[in-house]
Amino acid sequence: MFQLTATPPNGLADEPVHIRVTGLPPAQMVTLKASLKDEKGNLFQSKAFYRANEAGEVDLERAPALGGDYVGVHAMGLFWSLKPEKAFRRLLKRDVINNPFKVTLDLYDSVCLQDSTTAQPRASQMVQRWFLGPGVQRKQIREGRVRGALFIPPGEGPFPGIIDLFGSIGGLVEFRASLLATHGFAVLALAYFAYEDLPDKLLELDLEYFEEAANFLLAHPKIQRPGIGVISVSKGAEIGLAMACYLKQVVATVCISGSNAILEIPLRYRDLLVTPMRFDWECIQIHVSGAVRLRSGNRDSRNEMNQQSVLPVEKAQGCILFIVGENDECLNTRAYAEQAMDQLKSHGRSSGKMLVYPGAGHLIEPPYAPLCFASWSPALPRPVLWGGDPVAHAAAQEHSWREIQKFFRQHFSGTGIKYS
């Protein structure tokens, strides 16, 4: 009797799932498939081929995949190797409150090279992946100009406060904030364009808007004072680094796949105007997939001609963690982070740390999220190449997620932190 188990069947999206098959004939070849549909009905699928051991078992924590979407021992490979049925779709959780991602695991007793509508699985199991833990509260924020969603952990607090910023995707993206709140941080997922009454397009970065958000967060009765943290990615990481440089409220900043200079769009803060460093659009390359490789048009932020765009990282009062993937095809993030680290060192500052992940791409997300190699971006008429090797990228996401939480815990003191 074939039996497929996935434990836990109902858990958080950043928790591992133990997948095991029993009741097989010894040495039986099987195919394990995973599939899910996102909130827009887009299908994502993965598969791997395994051979049962002498006891008729396949345990993904010990058994190597022999083929399929990955090879070797990868307990969560079916999750991080999920690929869109339609090209350039990114798996993105929008509603973190009401519905989990529902992943269907199917077992077939042969090697299935092609997807067939007639072949029936010998066993199936549904796994629910939630982005919000028990007791975490979500509050819609419309205070002054500030627009977003605030996630507060259960308990009295006070809790370390963090602002979460995404990049050129725009809108309000909450899945990372809700997961961090589940681990004991109070997190404001902050929108800054293409949401409600905010500007439709990003024509200027107004740092006073982000200062208003920081002050709002610090004024909340459940937020630990005197400072806040920022977690940020891509264009958001550029903003996050600017906040670290100019806002005294920011004491700990995580910059994922960002630049140390203002790019393409000017930044304004009170009387200060930072003019942007522009892409070399004539150097932009087109990948064989049709996606644009923006990295080929990156300018050198060390060039004397571009110094007016470089952020004064040495002025940051708090600590900064730079997270970069060496296979980032959007930005030369390693070079940017290295220059920022050099800026700190040249001023006698030891407040920066850099994590470099070989093989990781641009979109480094919480663990087990599938690699998005390329996807449509609202800012461009073509898809954008993000890069990344699936195995290396998955390892980077697992490690960096632990390091991010450790970094914030080290830089916030008090009893409000829930260690998990």
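Note: Cβ is positioned from N, Cα and C throughout, glycine not excepted.
Values in this document were obtained by computation on a predicted structure and should not be read as measured data.
Over in TrEMBL, the protein carries these features:
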- 206-412: domain 'BAAT/Acyl-CoA thioester hydrolase C-terminal' (DOMAIN)
- S234: active site, charge relay system (ACT_SITE)
- D328: active site, charge relay system (ACT_SITE)
- H362: active site, charge relay system (ACT_SITE)
* To do: Rounded to the nearest Å, what's the C-alpha distance separating S234 (active site, charge relay system) and H362 (active site, charge relay system)? Just drop the number here, would you?
  => 8
* Local confidence of the domain 'BAAT/Acyl-CoA thioester hydrolase C-terminal' (206-412) - pLDDT mean -> 96
* Asked: Do you know offhand how many angstrom separate H362 (active site, charge relay system) and D328 (active site, charge relay system) by C-alpha?
  -> 5
* Write out the long-range same-chain contacts of D328 (active site, charge relay system), meaning residues 6 or more apart in sequence whose Cβ is under 8 Å from its Cβ. => S257, R295, R334, A360, G361, H362, W386, G387, G388
* Structure fact -> Students should find that the Cβ of S234 (active site, charge relay system) has, within 10 Å, a number of other Cβ atoms equal to 27
* **H362 (active site, charge relay system) CB neighbourhood, other CB atoms within 10 A** => 29
